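Here is the structure we will look at, set down as structure tokens.
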Amino acid sequence: MKKGAVLNSDISSVISRLGHTDTLVVCDAGLPVPSSTTRIDMALTQGVPSFMQVLDVVTREMQVEAAILATEIKEHNPQLHETLLSHIEQLQQHQGNTIEIRYTTHEHFKKLTADSQAVIRSGECSPYANVILCAGVTF
């Protein structure tokens, strides 16, 4: 459910259409996007925009009740993992709910993206900088 204003019309549109438990992916520049899934490509060049920049804007608009991460992020990108967990903690406080964090293998994560409403590709070029956001409700 939308909570504010996003300038990108594709992102705004997909968020406004989300129902409870629908998913939306924010990913790095390297994650393969299934041909059956809508791709919203924000990547301009390596690192622009960053994963966290895209995630920050998306979560200003989207009510989130769960987040799915690849287990591999813990070992291969611990700094981003900590930044992401901190962001989710702040989002919980802002939304007034608990956001469940789930982990799965990267291979399974890639399969889950096929069921997503869209995949938003950032310019991030660090490993496992991907999250599946599960939509909540604002009431």
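Using the three backbone atoms N, Cα and C, a Cβ is placed for every residue, glycine included.
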(request) Taking Swiss-Prot at its word that His106, Tyr128, Ala129, Asn130 bind substrate, choose the one of Asp22, Asp28, Asp41 listed for that site. (result) Asp28
(message) I need the neighbours of the substrate site defined by Asp28, His106, Tyr128, Ala129, Asn130. Which other residues of that chain put their C-beta within 8 angstroms of the C-beta centroid, in sequence order?
(response) Cys27, Gly30, Leu31, Ala70, Glu72, Ile73, Asn77, Phe109, Glu124, Ser126, Pro127
(request) For Ala129 (substrate binding site), just count the other CB atoms lying within 10 A of its CB, please. (result) 28
(message) With the cut-off set at 10 Å between Cβ atoms, which of these recorded positions ends up with the most neighbours? Options: His20, His106.
(response) His106
(message) At a 10 Å cut-off from the C-beta of Asn130 (substrate binding site), count the other C-beta atoms across all protein chains.
(response) 27
(message) Let me check the 10 A CB neighbour count of Tyr128 (substrate binding site). How many other CB atoms are there?
(response) 23
